[in-house]
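Chemist: After the C-alpha cells below, expect a handful of questions from me.
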Amino acid sequence: MSNRKYFGTDGIRGRVGDAPITPDFVLKLGWAAGKVLARHGSRKIIIGKDTRISGYMLESALEAGLAAAGLSALFTGPMPTPAVAYLTRTFRAEAGIVISASHNPFYDNGIKFFSIDGTKLPDAVEEAIEAEMEKEISCVDSAELGKASRIVDAAGRYIEFCKATFPNELSLSELKIVVDCANGATYHIAPNVLRELGANVIAIGCEPNGVNINAEVGATDVRALQARVLAEKADLGIAFDGDGDRVIMVDHEGNKVDGDQIMYIIAREGLRQGQLRGGAVGTLMSNMGLELALKQLGIPFARAKVGDRYVLEKMQEKGWRIGAENSGHVILLDKTTTGDGIVAGLQVLAAMARNHMSLHDLCSGMKMFPQILVNVRYTADSGDPLEHESVKAVTAEVEAALGSRGRVLLRKSGTEPLIRVMVEGEDEAQVTEFAHRIADAVKAV
C-alpha cells in the first residue's frame, strides 16, 4: 500500500471529535468522494451505519458533501456492514459507505467505502479521493445538487438475502439459539433471520441506545452469551460484533467457538457436499490445530497477514473461496463479497441441521492447540529487538524444541511500541514457559 494521509487498511477510523472523525472533515470527505465517483457516471451512493450516537452527525455531514458534488444519498439506517456491500450491488450504486468502527467502543467511529461490486474500493480510487481532499470545496449548480432519500425496505431485502444462503430443504425448527447482537447493527436483522428459518430465538444485546454498542456484549466479549446459553439450556449461542462482519459462537456446554473452528466446520461441510473449491485461507494467528485438521482432510491451507483485507487478497491470489480470521471474520466468496457474520453463522447451522450434530460435536475433529500471547513494550530508540542476536538465538532454541508440533510468531504492533510474542504447541505449560523465555529475551535488549 502507498503512503496515505487518511485511509488505512479498513477505511478511516478514530475518536469522534478528534481529527479526522470531525463533521467538517467528513463533509469534505463526502464532497471529495463525490467528485471522484461522479466521474464514473452514477449519481447515487448507499450510506449505512451502525448504532453509535455519532452516526447521525456523520451521515448528515457525508450527505451534505455528496450533495455539493452532485451525488444523491440513499440511507439504509442502522445496517450491518455486509448488508451495505450487498445493497450497493443490488442498487447498482456507484459506491456504498459504512459509518462504523466495528468492534471498537461507542466513542470511536469510522468511514469505509465499497465499490459498485460490493468489494473494498481499489487503492487508486482511495488515492484519488485523498488528492481531491487537498482542494477547496466547490458546489455544483443548484439544479445539479444531490438529493437524500431512505431505502425503506433495506432490512427486509437483506434478511431475504441472508435466508437465501441457507439450504431450502433444511430448517432450524429443532434448535434453541441465543443470539447476541452487541447492541449493534444486526439487532433488527439476525433474530428475524433465525426466527423466519424456524429457530426458537432468545435475543440479547438487541437494545441499542447509541452508547452501549460492544459494551460487555457481542463477539469481543461472549461471557454474557455463555451464561445465557447455559441458563436457557440452549443448543448454541451466536454473537456478532457491532457492525455484523464478525461472528463467534458458543456450544451448548458454554465453550467458545472462534473463527478458526467456524472455518473448519464450513470447509469440511463443503468438502462433504462436493462444493469446496481449492483450499482455505487463515492468518498468521490462525491456530495450528486448524492447519493440522484441514491437512488431515486433504484441504490445502495458506496463511495471510492479519487483517480481513489480506485474507481476501490471498483468497483471490489462489482462487479459493473460503477464508477467515480467528477473531470471527469469515469470508465466503460463493455467498457474498465480504466478511458476513450472519451468513457465516447460517452455514454452521446448516451443517448442524444436515448432519443432526451439535456444534460441540462438529468442532470435535479439530484439536485447538494452546496459544500463549505475551506483549512486550520496548523503546524505539533501543533499535529493533527482533534483529538482536540474543532474541534470535532464544527463538531458534524454542522452535527446535517444538519441532513440527508447534510454532513461534514474533511481530510488532502496528499501533504501539509493542512486540507480540506468540508461542503455540500441544503442551500448555511448555508453551507458556517458552513464550515467557522469549519475552524475557526481548525485555533484556
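Residue numbers in this text run from 1 along the chain shown.
Every residue gets a Cβ built from N, Cα and C, even glycine.
Model, not experiment: these values are computed from the prediction.
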Chemist: Among Ser102, Ser115, Ser364, Ser382, which residue does Swiss-Prot name as a further Mg(2+) binder in the site formed by Asp241, Asp243, Asp245?
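Modeler: Of Ser102, Ser115, Ser364, Ser382, Ser102 joins Asp241, Asp243, Asp245 in the Mg(2+) site that Swiss-Prot records.
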Chemist: Measure from the Cβ of Asp243 (Mg(2+) binding site) and count the other Cβ atoms within 10 Å, all protein chains considered.
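Modeler: A 10 Å sphere around the Cβ of Asp243 (Mg(2+) binding site) contains 35 other Cβ atoms.
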Chemist: Please classify the secondary structure at Asp245 (Mg(2+) binding site) using three-state DSSP.
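Modeler: Assignment for Asp245 (Mg(2+) binding site) reads coil.
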Chemist: What's the CA-CA gap between Ser102 (active site, phosphoserine intermediate) and Asp245 (Mg(2+) binding site) in angstrom, rounded?
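Modeler: Ser102 (active site, phosphoserine intermediate) to Asp245 (Mg(2+) binding site), Cα-Cα distance: 8 Å.
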Chemist: Taking the Cβ of Ser102 (active site, phosphoserine intermediate) as the centre, count every other Cβ atom within 10 Å, in any protein chain shown.
Modeler: 27
Chemist: Excluding near sequence neighbours, so keeping only residues 6 or more apart in the same chain, what lies with its CB under 8 A of Asp241 (Mg(2+) binding site)?
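Modeler: The list for Asp241 (Mg(2+) binding site) reads Ser102, His103, Ala182, Gly184, Asn214, Gly218, Ala219, Thr220, Gly328, Gly341, given in order along the sequence.
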